[in-house]
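These features come from TrEMBL:
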BINDING   92, 97, 133, 137  [2Fe-2S] cluster binding site
């Protein structure tokens with residue numbers, strides 16, 4: 001049994017549904033490495049985040065080194081490596097958003113939520129994360145809540161925006 005199998009068996013086990021979904025996803029790619037981002041998304045959809053033990057477990061299913069999966073997991077900001085709130089707020093801090101009022105939006109979010117960047121509200125409702133660009137520069141400042149993009153933001157509208165996410 002490989003070291004990855006021991007880690008996977010002793011500390012983390014993919015569910016039958018996760019394993020089946022990853023195996024099905026693999027067939028869409030010529031190279032198993034290319035399926036690693038989708039495999040990580042599958043784990044995250046089921047668990048809300050990607051625990052450390054998932055890395056070797058996913059690698060074993062894909063038949064690639066755990067270091068390759070770890071590289072993907074740490075590179076992509078959409079993969080959460082620690083527990084997050086029910087709603088994840090991604091606040092764009094690109095230069096364009098910064099010039100167009102990012103700081104006032106960040107201050108309004110921090111005041112309304114009572115947390116700083118990289119933190120989760122005590123009730124587990126929101127996690128506030130910075131992202132370097134959301135690709136919406138012509139409509140800045142911009143943020144995302146879960147999969148919803150909000151643009152042309154004004155600090156006075158932050159409380160109302162958050163109310164839409166119970």
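Even glycines carry a Cβ here, placed using N, Cα and C.
These numbers come from a predicted model, not from an experiment.
Excluding the listed site residues 92, 97, 133, 137, the same chain places 93, 94, 95, 96, 132, 134, 135, 136, 140, 141, 142 with Cβ atoms within 8 Å of the centre of the [2Fe-2S] cluster site Cβ atoms. Within 10 Å of the C-beta of residue 133 ([2Fe-2S] cluster binding site) we count 14 further C-beta atoms, all protein chains included. Counting only same-chain residues six or more apart in sequence, the Cβ atoms lying under 8 angstroms from the Cβ of residue 97 ([2Fe-2S] cluster binding site) belong to 137, 140, 141, 142. One residue stands out among the binding-site residues 92, 137 for having the most other Cβ atoms within 10 Å of its Cβ: 92. DSSP assigns residue 97 ([2Fe-2S] cluster binding site) to a helix in the three-state reduction.
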